Amino acid sequence: MRKGLFLSKAVVVTCVVAAIGAAATIIALSVVYAQEKSKNEMTLQSTDSPTTSPTSPTTPSTPKEPWQRYRLPESLAPISYNVTLWPRLEPDADNLFIFTGHSTVVFRCVKETELLLIHSNKLILTSFEGYFAKLRGLSGAAAPSLKDTWLEIPTQYLVVQLNSPLQAGSTYELYTEFVGELADDLGGFYRSEYIEDGMTRVVATTQMQPTDARKAFPCFDEPAMKAVFHMTLIHPHETVALSNSMNYGKYVTDASRFHSQQHFEPTEIMSTYLLAFVVSDFKFISMPPNADVLIRIWARRKAIEEGQGAYALEKTGSILAFFEDYYNSSYPLTKSDQIALPDFSAGAMENWGLITYRETALLYNPGVSSNGDKEWVAIVISHELAHMWFGNLVTTRWWNDLWLNEGFATYVSYLGANFAEPTWNMVDPFNIIGVMSVDALASSHPLSSKEEDVLTPEHISELFDTITYSKVWPQLKHDKYCIICLQTYLEEFKYNNTVYTDLWKHLQMAVEKANIKLPHSVEVIMNRWILQMGFPVVTINTQTGEITQKHFLLDPDSVVDRPSEFNYEWFVPITWIKNVGDEQQYWLLKKEATNTNMTLVGANDWLVANMNTKGFYRVNYDSDNWERLLDIPVINRAQLIDDAFNLARAKMVSTTLALRTTKFLDKELEYMPWETAKRNMNYFYLMFDRSEVYGPMQAYWKKQVTPLFNHFKEITVNWTKIPENHNDQYNQVNAISMACSTGVEGCEALTTGWFKEWQDNPANNTISPNLKYTVYCSAIAAGGEKEWDFAWSMFKNATIATEADKLMSALSCTKEPWLLNRYLGYCLDPKKIRKQDATSTIISIASNPIGQPLAWDFIRDKWDHIFNNYGGGSFSFGGLISGLTQRFSYEFEYKQLLQFKEDNAGQFGSAATSLEQALERTKANMNWVALNNKEVFDWFTSEAPIPN
């Protein structure tokens, strides 16, 4: 943390503008609240006649007061909430959407205290005789009188000071009334809009994780503060209200014949971030009523009528049954509602009993959606259902251990999806490949941090990254005894909170019961993987049997300034196989060791380690073994390609060796090697598509992909059939996309011809769903304004979210700068591009070499607006910085990035870490290009000379 404070003029102006905007909103909401109370449209059941404070005062505080700390004190523990909310689905005369409500929280005093802190953010609280709350004692306890109340804006607290202490062991209740804005900011209790039958329809919905339940009602908004929730929603008769538990009563309100008051059964004891409620006019489909668990799929009326929820309904039951067996634990609730929302910031959210999704993650139309769309639906449903136990039933105590929830759910999502679709053979190698590229940076972070290092909402949001989701479970997933440990872990801690060491204890118990011999305890082994960032590269010398490990960094010259108590050494379970013999394992426990079993004798012998990426490490070999591996039949090809390319980036092997791993591709028909090569070559395109290397590089890949393109042309009978094999369908997409981008003869004519047929008959799109994005992108890149405007029209009229997504992304493929600039402008107009899609669309434009400088200029110019209106604290905001800067490899770009950091100091929120990673990555790119430019140019030229 930087000590002292310096505010530049630009920052001061920004702060003043933000403060003025916040004050205006507060005043406007206060006026609205007063108006709503005076209309007396309903009675929020209260014994007093409150008055509303026109502002939310704050009290100056000294630096170390409890209300200036981001963590709640441990003096109080919530027991239950009784919350009533009334969202207005129509704007008022001031064009504001609001909600009103009241909440009673029952809590127990654990330690005697004269201070009550409860989270409240962006709520206007009603004043009762000068105080923002009412306190009452329960079970004979006397409630102290209130001394003062105020809202502490920086730490998002309602502060209640008392004239005498609450007594340890006694129970009390705190009552508040409030109004909030039903904004379109995708957080807390928010508003989503869509158009159906020419009418704009409004949905009131929620996204509480990680720290936005406090925007819906005052609450103890930390994961360890579990409680039972009694919810009531007031809503128009023609709408339906949903929450985590089943509804049990619906009454017409006394004051209005047009609204109903819907009560819900009490929830299980759970964290605030898992609370959800929705008011909409959606429809649903469901399983037969005699099912053990009521499963319902909710969505827009037309989506349900078109059958878009049928696949999700079909697979949810089988995946839920799989996890009941996997965990050896019955699903804890009586229902599982899953709802597809038009506006949603994440992919999905595991709210207990009411899982919320983006439409693309839940809805599937077999006539329009691709295999990838279908697979994504299965994986996301599986991920969220996995959380019903691991995360919901048992919850991490604090966000520093978020990886316990998300890392496990990411892994088992593939198990559940494979159970539901056994012919797909789904695996997760690209999750591991993706996380390795981030974890190989000096600015990476450990999986688990100290609780005191993760405090602010922005810091918490930063943790929702690829490391948290994908790193740890490769270490455990192949141990069958891990399943046993998970079952005992869930049984012991159900309805409670844990820290990561609790899981290690149960894994240790399973290991000892099975009499498995490990070199150290589970905790000692695993601490090296979660308490220090990064991972090792293991180098095996097959001539001597010498094995070494070192911290793998993509830029070996970068400075690692984060200390590690383990000195960046790991206990590495090395698995390997030779050309003869079975797979073996060896534990590398030091920086150096020798294992003579790994030596090779014959001139044609070879050795491959870490088969199927069982361990989270990269492997390097002596040069002789590398040469042999380049000539052997296909075995572990994808991993060899990925290791070689990343080792080349880290200057551990020559770049030409990495490139040589792709020479066999002109004879390769399998999906995994092609996909791995394509992903790794993407880095070369990012570095060289603005240089003289681009021409020979294109010529080489044209030569390599042409046989694959012709292969699929043949087996599909001139593109009239769909390949039968699941992975072949994916590889057909690779063949066409790479062939068109490298200029293979006949490819562009094929895709533009399909697109032209659709233009001539917009009502009949005959393009294969699997090929749609590839065809759209290729045709738009080859075309001009006419093709772009047609695709834009189809996007705006699309009623299927996956189709809209493909078109939205493909629109960024145009080579016309003015069209890309126009599209960038559309990104900041929510009527054209939804807020949930704005950052991803800008990233898509930046991935286009023509669009990248346009997007970078656009973002620098509009940063204040984007940060303040598009979620500076959201999960995906860091991806915007990463996506914009992935091509940076010049000195002037590095200087621009430094200037951008200086100009917007304090205005990065959850993107702060991504900015530091972008700076590190840019510097590494500069060094790598300077070192490899000539060598790469010469290699591509020699392999595929360009005709004169």
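Note that the numbers count up from 1, one per residue, in the order the chain is shown.
Note that Cβ sites are derived from N, Cα and C of the backbone, with glycine treated the same way.
Annotation source TrEMBL lists region 'Disordered' at 42-67.
Annotation comment: TrEMBL describes 46-62 as compositional bias 'Low complexity'.
Look at TrEMBL and you will find 78-274 tagged as domain 'Aminopeptidase N-like N-terminal'.
Feature annotation from TrEMBL assigns domain 'Peptidase M1 membrane alanine aminopeptidase' to 311-529.
The Cβ of His383 (Zn(2+) binding site) has Ala348, Ala409, Thr410, Ser413 as same-chain neighbours under 8 Å, each 6 or more residues away in sequence. The Zn(2+) binding site feature in TrEMBL is assigned to His383, His387, Glu406.
According to TrEMBL, the feature active site, proton acceptor maps to Glu384. Long-range neighbours of Glu384 (active site, proton acceptor) (same chain, six or more residues apart, CB within less than 8 Å of its CB): Gln338, Ala348, Met349, Glu350, Ile355, Tyr357, Ala409.
Residues annotated as site 'Transition state stabilizer' in TrEMBL: Tyr469.
As annotated by TrEMBL, domain 'ERAP1-like C-terminal' applies to 606-923.
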Rounded inter-Cα distance in Å - His387 (Zn(2+) binding site), Tyr469 (site 'Transition state stabilizer'): 13
Listed in sequence order, residues not in His383, His387, Glu406 with Cβ within 8 Å of the centre of the Zn(2+) site Cβ atoms: Glu350, Glu384, Ala386, Phe390, Gly391, Asn405, Phe408, Ala409, Thr410, Ser413, Tyr469
For His387 (Zn(2+) binding site), the number of other Cβ atoms found within 10 Å of its own Cβ: 25
Rounded Cα separation (Å) that holds between Glu406 (Zn(2+) binding site) and Tyr469 (site 'Transition state stabilizer'): 5
Confidence summary for the domain 'ERAP1-like C-terminal' (606-923), mean pLDDT rounded: 93
